[in-house]
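Feature annotation from TrEMBL assigns domain 'Response regulatory' to A:2-122. Residues or ranges marked as 4-aspartylphosphate by TrEMBL: A:Asp52. Annotated domain 'HTH luxR-type' per TrEMBL: A:144-214, in sequence order.
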Amino acid sequence: MRVVIAEDLALLRAGLVSLLETHDFEIAAAVDNGPSLLKALLDHRPDVAVVDVRLPPSFTDEGLQAALEARRRVPGMPILVLSQYVEQLYARELLADGSGGIGYLLKDRVFDAAQFVDAVRRVAAGGTAMDPEVISRLVASNTRDTPLSRLTPRETEVLELMAQGRSNAAIAERLVVTERAVTKHTANIFTKLDLPVTGDDNRRVLAVLAYLNR
Amino acid sequence: MDGNLVSGGSVSVTRAEETPMEETRLQRHIRAPWRGLALWLLGIPATLVGLWFLTVVSMITSFVGVLLFPSAAMLLRTQLDAYRIRINRWTDAKIQRPYLPEGEIEPGLNGMFKRFIALIKDPATWRDYLWVVVDPCVTVFTAALPGLLILYGLWGYTLAPFTGGLIGHYGGSDWYAYIPIVDSLSLDAGRFVSTFTIATVCIVVGYLIGPKMLNVYGQWGRFILGPTRKSELALRVQHLTETRSDAVDASAAELRRIERDLHDGAQARLVAMGMSLGAIEHLLDKDPEKARTLLAETRESSAKALHELRDLVRGIHPPVLADRGIADAVKALGLDHPLRVEVDADLPARPEPPVESAAYFAVSELLTNAAKHSGASRVWIDLRYESGMLRITVTDDGRGGATMTNGTGLRGIERRIGTFDGVLALSSPVGGPTIVTMELPCALSSPKTSPS
């Protein structure tokens, strides 16, 4: 699997490269600034990209902008965005096109190599990987009257985990229930959020979107 | 709302003025002459106060004079405030109080003497007196003129038909303008008509020039009653001194908070992690199982330290604010907020970073307020840039009744944006809605170039 990495701290960039190489990824390019990231994404068309939000030369949200621009030109290009901070605003922008293949994680998640590589693979496969921190801030601020308020606490829990990008099996394991029960919950969620009957993966992304857009 | 905002530099930046009803041209013309007369009549109490002031000044060599002078000067000021209020309300001129700021009033004889010296040295005190003396004459030829003309016209109307002879008979003036009125006018058609004509002209002219004359009077009022260049500067210096010390206090408090947060949070965790690592090193051979649990704990600890540092940095300089500027930062605030927040922003470019930061934290605090006190369910935030001002309006549909003082922290916000000559206006009738408007003068940077 070919991957493009954008990270301006040399130490962290090298760390990401060696981490992904040991997990059988092929590094197509490892860049350290916004403009060359966009070029690398468009030239190499990688299977997945791991991108730091804050990049030179402006040290603002350059990485995010490059990622969004690349996805405008190549819809659905899988990109995992890493950041010191997670912001709902950025999460929404990344998810806005509804085409999946998006991840948004805190940089600390790299510490747990297995989980991180898992997230990269999920994004590459067109799924989502939202940081639990984004999700928990959403929940904290979500006290409004919306379709989401129709969900039972258990269903909300399932949706939270779904938004993080976990599979039904992983959710079942986490909540200590059977996978069948989770399937039932997800079906309920889809119905309650009025999501069209399409492929399961796409519906999962839509559910997350509904979740974010409240 | 907007009309109430007084730009920085004045002592009272936020004033709870009632919004004057917008008058039509016709209404202005009809009312102006009578307002002029009212201003003229204000001269009567003002002259009395002026006489008292003069009396006190004449006693100034004695102790009684020194004792009474401050109160007499203050009385004069209050009296002349009546002029300032009316001129501000009725004419185009805007007059601020010109008096030099008074320091803390010290108790005892010494303090009293200091106050006496300060007042006697304030040029505004003497300009006040000048006003009392000169104004009655000036008023007659400016503000009061239209009203007097109209009265004269009315007088002509009553003379014309019948009373001329009567007045002449009792020793009144024998003339109306150039027309002799000794004999009863009604006997002579020519004189009757000219009297009538002159009277009508007087009334018409009176109404026509009313507003103009009031404005001329307003200019005169601003010239004498308004601040001179010197007192304007003194007021400005006072404002800057106040806001500067506020700013220093605020940033010192902020630094203390950061220091405390670091000390109790990340720093303490790092110390604990260092100790744990030492213990793990020690245990590695003897009790690998125990070392493993300790290692997991240490990792947990490092995650927590990171988390705390992240929150701390967010509190100092929010990432979205740094990346995108005030508009998106406020949007991000809205997304994280428990209430439904709608943000409407129209900014061609980014304001200077310090202004942005001040505005951001002000909005953040207003949102916290709305969630805590107002009982609101929705909040609307409007950001725009107009004539050199960043204007932010925060409206909620809560129960209203907020004041600057009742523990809402509005005073603190006002102080903070005051550092940038920003002002804050509050409108919060009981029953809602609450509208807070902030204006910060600032320049915009050139539009940010897109990174791609």
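Even glycines carry a Cβ here, placed using N, Cα and C.
Around the residue listed as '4-aspartylphosphate', the same-chain residues at least 6 positions away in sequence with a Cβ under 8 Å from its Cβ are A:Ala6, A:Glu7, A:Asp8, A:Leu12, A:Gly63, A:Val81, A:Leu82, A:Ser83, A:Lys107. For the domain 'HTH luxR-type' (A:144-214), the model's pLDDT averages out at 76. Broken down by DSSP into helix, strand and coil, the domain 'Response regulatory' (A:2-122) contains 59 helix, 28 strand, 34 coil.
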